[in-house]
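The block underneath contains the structure these notes are about, expressed in structure tokens.
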Amino acid sequence: MVMTSSQVLWLSRICREKLCAAVHRYIITSNHLTFHTISQVPPMALKQISSNKCFEGFQKVFEHDSAELKCKMKFGIYLPPKAESGKCPVLYWLSGLTCTEQNFITKAAYHQAASELGIIVVAPDTSPRGCNIDGEEESWDFGTGAGFYVNATEDPWKTNYRMYSYIVEELPQLINGNFSTDPDRISIFGHSMGGHGALICALKNPGKYKSVSAFAPICNPIQCPWGQKAFGGYLGSDTGKWEAYDATHLVKTYSGSQLDILIDQGKDDQFLSAGQLLPDNFIAACTERKIPVVFRLQEGYDHSYFFITTFVNDHIRHHAKYLNA
């Protein structure tokens with residue numbers, strides 16, 4: 001069926017608004033409209049905030065209403081050229097303390113590698129926003145910008161601060177429902193608090209992620225000041241609950257499919273010397289469990305995005321080995 005551009009736009013809007021029992025997904029290429037039946041409506045409608053062409057693909061930002069977090073959330077998504085003609089694997093990036101979806105997409109310089117390797121890269125925000133919770137804006141390492149990728153169990157945080165379920169469940173459903181993805185090929189990586197998030201997501205969900213990597217991750221949060229503050233606030237005083245979100249503890253009981261973990265750590269990272277990251281504890285646990293981990297201590301590098309930008313292509317290629325296998 002050949003249609004004019006105005007007809008395509010009109011019918012697209014009607015399809016979005018009227019889908020019910022018989023659900024369809026539409027794909028528009030030029031002026032040709034093709035329908036594909038799928039099992040469910042995408043969980044949430046998306047509002048496009050921005051779109052910029054980059055290495056023949058597009059870096060976009062979307063906003064949506066999150067069912068898990070009970071607020072509006074934004075995420076960045078890079079769609080490589082291959083996404084226009086076929087399904088692509090998805091690599092999720094989790095950012096660190098104080099970050100939004102913007103930090104990685106504007107500073108990390110990952111687009112060329114993702115374009116060439118045909119990988120969709122998704123970069124969500126790091127916490128709920130604007131929930132009007134008393135105290136959420138008081139500290140840079142707790143509350144807004146510091147969700148720590150856990151499901152809070154304590155008041156007043158438990159209603160909104162459910163970043164673990166958002167990352168593992170809601171966001172992938174949203175991405176798979178709205179973009180040309182292969183839902184069986186996903187991987188995850190992150191930085192600092194986000195490196196902690198990437199490691200625990202992979203370790204808590206054997207087989208879900210094809211690969212995992214991290215830059216300067218918080219490896220043993222129950223033993224460091226950042227983690228103790230966040231876990232105490234979000235999860236309460238029972239430290240037994242904390243272990244479910246600690247990568248060093250999780251790896252000690254991991255029995256799933258093999259994970260080949262890549263970690264880059266700057267040797268001049270001020271948070272390494274301050275005892276916030278504790279990678280040695282994680283490496284020792286991996287060694288004991290015979291779980292492969294490549295740990296690269298990078299001379300002269302700190303905790304910043306200059307460090308991430310230098311080695312991000314290595315990480316993209318690491319994930320491509322598994323996503324494009």
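Cβ from N, Cα, C; glycine included.
Annotations in TrEMBL come from automatic prediction, not curation.
Marked as active site, charge relay system by TrEMBL: SER192 (among others). When Cβ atoms from all protein chains are considered, those within 10 Å of SER192 (active site, charge relay system) total 25, not counting its own.
The Cβ of ASP269 (active site, charge relay system) lies under 8 Å from the Cβ of ALA216, LEU277, TYR301, ASP302, HIS303, PHE307, each of these being in the same chain and 6 or more residues away along the sequence. Taken from TrEMBL, the feature active site, charge relay system applies to ASP269 (among others).
Look at TrEMBL and you will find HIS303 (among others) tagged as active site, charge relay system.
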| query | Near the Cβ of HIS303 (active site, charge relay system), how many other Cβ atoms are there if near means within 10 Å? | reply | 21
